[in-house]
Amino acid sequence: MRRHLISAADLSRDDALLILDTADELAKISERSIKKLPTLRGRTVVNLFFEDSTRTRISFEAAAKRLSADVINFSAKGSSVSKGESLKDTALTLEAMGADAVVIRHGASGAPHRLAGWVRGSVVNAGDGTHEHPTQALLDAFTMRRRLGSLDGRRVTIVGDVLHSRVARSNVLLLATLGAEVTLVAPPTLLPVSVGSWPCAVSYDLDAVLPKSDVVMMLRVQRERMNAAFFPTEREYSRRYGLDRDRVAKMHDDAIVMHPGPMNRGMEIAAEVADSPRSTIVEQVANGVTTRMAVLYLLLGGANLGGEDQ
Ligand code: CP
């Protein structure tokens with residue numbers, strides 16, 4: 001594995017399978033009464049969040065603590081960033097505190113890449129602008145593998161606001177590496193112009209794709225990133241691209257429904273679908289902890305995975 005995890009494209013098939021297999025081992029340990037391992041004792045993980053997060057920030061903190069690392073949580077709100085301190089100076093300040101790994105979420109695409117040039121420790125991209133969110137793709141692949149087995153030849157449909165979605169880009173890259181066939185379904189206004197070079201198919205007809213899908217991953221409509229009208233009305237968007245009970249009835253019996261969260265219930269996904277047995281949304285959150293444990297463990301070269309509880 002490389003020293004940093006900036007993009008899902010950084011991962012070879014062997015790297016990705018190693019992370020997923022390690023996460024499987026860590027999930028078994030997480031079922032023990034005492035979940036903590038000593039593997040990263042004495043190492044420091046800094047969580048550097050310039051954008052809001054619930055799932056990613058909490059799960060990276062839980063992952064690092066379960067591996068016995070020291071954890072420093074930095075949130076831009078309430079920090080010297082409000083006084084104009086730059087990303088570089090913020091990073092160097094944290095570096096001076098001895099960070100072995102920096103987990104960064106930032107509104108600017110490319111911020112983790114810049115950070116990797118300034119710090120000695122490993123950099124993990126926890127979401128940068130509309131670019132990538134590689135650990136979300138890893139936890140999604142982990143969840144699919146647990147429900148469906150190998151991803152080779154599996155048909156994964158990703159639906160909605162692809163244009164603003166770092167989750168979609170990372171998933172397309174990782175799922176292609178793992179042998180899945182990905183189809184993006186979105187209105188033409190919510191697809192990036194570069195989508196023709198992505199390793200996936202594109203459709204505008206959700207109803208035609210659903211019966212052929214093993215996985216249907218719904219994306220959040222990111223209204224906070226929209227500075228123009230990308231669809232006529234929310235009602236029209238839901239009618240064309242929302243997943244409701246009638247659409248789920250077109251899926252085959254074993255197909256699953258995913259969403260990275262946070263959801264716009266009633267818009268891209270009906271509440272009854274989000275809460276149905278097909279939905280893996282809560283599992284995805286739980287799997288985020290073990291998958292991020294695996295990433296930190298492998299990047300920081302932890303030892304004794306099967307070691308003693310403490
Ligand atoms: N899926 C995801 O990244 O959620 P958060 O924004 O809550 O971290």
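In case you wondered, yes, glycine gets a Cβ from its N, Cα and C as well.
Annotations in TrEMBL come from automatic prediction, not curation.
Listed in TrEMBL for this protein:
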BINDING   Arg55, Thr56, Arg105, His133, Gln136, Gly261, Pro262  carbamoyl phosphate binding site
BINDING   Lys83, Arg166, Arg220  L-aspartate binding site
DOMAIN    3-145  domain 'Aspartate/ornithine carbamoyltransferase carbamoyl-P binding'
DOMAIN    153-299  domain 'Aspartate/ornithine carbamoyltransferase Asp/Orn-binding'
The domain 'Aspartate/ornithine carbamoyltransferase Asp/Orn-binding' (153-299) - residue tally per DSSP class, helix then strand then coil: 65 helix, 24 strand, 58 coil
Close in space, distant in sequence - Arg166 (L-aspartate binding site), Cβ under 8 Å, 6 or more apart: Gly127, Asp128, Gly129, Thr130, His131, Glu132, His133, Gln136
Secondary structure tally of the domain 'Aspartate/ornithine carbamoyltransferase carbamoyl-P binding' (3-145) (DSSP, helix then strand then coil): 65 helix, 27 strand, 51 coil
Contacting binding-site residues for ligand 1, chosen from Arg55, Thr56, Lys83, Arg105, Arg166, Arg220 when the Cβ sits under 6 angstroms of any of its atoms: Arg55, Thr56
Thr56 (carbamoyl phosphate binding site) to Lys83 (L-aspartate binding site) - Cα separation in whole Å: 26
Taken over the domain 'Aspartate/ornithine carbamoyltransferase carbamoyl-P binding' (3-145), the model's mean pLDDT: 94
Rounded Cα-Cα span from Arg105 (carbamoyl phosphate binding site) to Lys83 (L-aspartate binding site), Å: 19
